[in-house]
Structures are given as C-alpha cells and as structure tokens.
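Student: There's a structure below that I have some questions on.
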Amino acid sequence: MESIGIVSPQTMHFSEPLRLQNGSSLANYDLVVETYGKLNAARSNAVLVCHALNASHHVAGVYADDPKNVGWWDNMVGPGKPLDTNRFFVIGVNNLGSCFGSTGPMSIDPSTGRPYGASFPVVTVEDWVNAQARVADEFGIEKFAAVMGGSLGGMQALAWSMMYPDRLEHCIVVASTPKLSAQNIAFNEVARSSILSDPDFHGGDYYAHGVKPKRGLRVARMIGHITYLSDDDMAAKFGRALRRAEGAEKAYNFNFDVEFEVESYLRYQGDKFADYFDANTYLLITRALDYFDPAKAYDGDLTAALAHTKAKYLIASFTTDWRFAPARSRELVKALLDHKRQVTYGEIDAPHGHDAFLLDDARYHNLMRAYYERIAAEVNA
C-alpha cells in the first residue's frame, strides 16, 4: 500500500500556563504536531495517535529532506491502511519532555537562557493528555472519533477516556496496561540507574559540558530492548549463533568482546539509540510510565476508576508480550465490562513480543481495519 508521502511537522505555541500534577506549571510551551488526511466539515473524523517511549509526532510518511525517516506507525496509518487517511484526519503530538521538538529538557528555559536540563518538571501521562486536549481545541475538535495508542500510547488513550469522557467516541488500547507491575518498574529503575551513574550525566546538566551520557543511554536501551522481544523471537533471530570471523579456528575468543550475534544486535541498538535520544527525556518518560495508575485514587479498584467512562473500546494484546502481558489487558476488559461498556477484545497470537504492536501482522491489522471500518460507518451515518 502507498505511503502518505511527504509530510511536514508544525509547532504549536501555547502561552496559557499548564498546571502539572506535581503542582508546578509550565508558563509557555511548544508542542510539535503532524497531521494526515483531511478534517471533515463536522470535525467528526479526527483520530489522535499517542506515541510510546522513544517515538514522536512523526507517525507516518517521510520528510522531503530525510526520506529514510519513515513514520514509526507507517504500516498502520495512511491511504488504504487500517487507519485510512482517505477517511480520517489523524493527529500525532510529540509529548512534553520529549527530545523531538516539543518543550523538554533540551529546550531553553526562558528564565535562565539555558537548557532546562534536570530542572525540567517531572511530567505524567495525565499532563500529556491535558496538553493534547489543548491541541484538539486549537483544531476546533470537540470530540475525537478515536484516541489510539500502543504501549505507553495506550495508557494515554485510556487516560483520555477517563479524563475527557465526552471528548472521544472510541478508545483503542494496544499492548498496554492500566499500571506497571513491580517487575516493570524494576526494569525502568535499572535503566535509569545506568544513566544516572554515567560520569557524563553531570546531574542532568550535561549540555553545558558539551557531552552526552551515551554509555548509560546505551545500556538503558539494551535493557529495554530485551523486554520488547519474546524469548521465542530472540531464539529464532539469534539462537546461540556466534559472531566469528570467517575462517576462525576457535569457537570462542575467550575474552569479553562480542561473541554472540545477540550481543552484537543489542550493542547496535544501544549505540543507535544513544546517538539520537536524550537521557533526561528517557528519565522523564520512564518515570511517567511508573506513575501511571488511575486506580490508585480508588484504593486500587480499577472498576471504580473507570466508572465515569463513556467510550467504546478496542483492547488488543499479544500472546508473547511479557512486558505488558495479555492478562493486564484482560484485567482492563473485565473492569470495563463491569460497567457494561461496549468492548472489543483481541488477543493476537504473534511471536514478536511487545514490539508486535509496531509490526505488520495480518491478523492484528485485520482487527484494526475492521474496527476502523465500524468507526467510519458511524462517522458517515
């Protein structure tokens, strides 16, 4: 199927202070946005796509000056694709605290004239949703046809249905969870510790030193990447294959250089990530993941937390996702059904682990396509 083609981001400036959950406020901030498709006259065909940890507003298409930079969900969003831009007006928003153009630690603090660095406030999923709602206001969108996201993006979609129940018709939550488990928080803590202990971190103000804590970022990404893959997928891709020089006489080198293909792969992923991502952003986003727990205010009762929701839901999980296992999605489905909400649940048998939500799996995409057909019929009714 064809791509959406060449796209251009736009920066939206907001001067009305945004009150954050931690009690502080951002007086002025920018959000980078990309849109695809056309908003209809009734403004009823808009879909908000929320991004995960290392993604951004660049959901689909390519840039004229960087044709290799394909949108992170290009296989899902575009003409004739499951989220069909011939039918829907799709918005991607880069969240606060990111390193891809929206106001974050790398941005200049107007009160000091220097990058925010470690002084940038800790933000939450709820803060992001409030900021996204202001983007909707700027477009004159009173109600989204759907709010959609995978992983951390799914948490934002769920939060939308709880915080703004009258502003979305459908909520699509893919490979996500209503809260992190202790194990997931532990993975995030180990990743953050690798960054915080890097000598080049300088308390988060490494910009002034002209360095970047690449070693810490590299290890953080390696840890995270392991959790995004399934054991079966890693076995199929790498097994115990060795990275030997051609014609090598010995099976092992008997040192601590790269021996196995899986080691080489993780180091490559870590190096690539450390080149383009920001360490302070990584700390902020993983902490936002940790804090998301809408049931906390209801003594841990997820059913009670969802009492005021009104949306129709599509919840999708993947059998080999052990980061956010299907049991977590089923927990959400049960809580929604307790309120007799209209819920479609798909548990897709896919070998790729958590990252399956980003891949072009036929059963997964057929589910999404069928659901968006239903939404399109409602929009056009």
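Yeah, the Cβs are placed from backbone N, Cα and C, and that goes for glycine too.
Since the structure is predicted, the reported quantities are computational estimates derived from the model, not experimental observations.
According to Swiss-Prot, the domain 'AB hydrolase-1' annotation covers 45-360. The active site, nucleophile annotation in Swiss-Prot covers Ser151. Taken from Swiss-Prot, the feature substrate binding site covers Arg221, Asp355. The active site annotation in Swiss-Prot covers Asp321, His354, and the record cites sequence analysis as its basis. Residues or ranges marked as site 'Important for acyl-CoA specificity' by Swiss-Prot: Arg323.
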Student: Tell me, which recorded positions from Ser151, Arg221, Asp321, Arg323 are within 10 Å of His354 (active site) if we use the C-alpha atoms?
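Tutor: Checking each Cα against His354 (active site), the hits are Ser151, Asp321, Arg323.
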Student: Between the recorded positions Ser151, Arg221, Asp355, which lies closest to Asp321 (active site), Cα to Cα?
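Tutor: Nearest candidate: Asp355.
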Student: Tell me the Cα distance separating the residue listed as 'active site, nucleophile' from Arg323 (site 'Important for acyl-CoA specificity'), rounded to the nearest angstrom.
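Tutor: Given the Cα positions, Arg323 (site 'Important for acyl-CoA specificity') is 9 Å from the residue listed as 'active site, nucleophile'.
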Student: Please classify the secondary structure at Ser151 (active site, nucleophile) using three-state DSSP.
Tutor: coil
Student: Measuring CB to CB from Arg221 (substrate binding site), give everything in the same chain under 8 Å that is also at least six residues away in sequence.
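Tutor: Result: Ala191, Gln269, Gly270, Phe273, Ala274, Phe277.
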Student: Among the recorded positions listed here (Asp321, Asp355), identify the one with the smallest other-Cβ count within 10 Å.
Tutor: Asp355
Student: Quick one: give me the count of other CB atoms within 10 A of the CB of the residue listed as 'active site, nucleophile'.
Tutor: 26
Student: Test of understanding: give the count of other CB atoms lying within 10 angstroms of the CB of His354 (active site).
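Tutor: Cβ-Cβ neighbours of His354 (active site) within 10 Å number 24.
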Student: Can you count the other CB atoms that lie within 10 A of the CB of Arg323 (site 'Important for acyl-CoA specificity')?
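Tutor: If we count other Cβ atoms within 10 Å of Arg323 (site 'Important for acyl-CoA specificity'), we arrive at 24.
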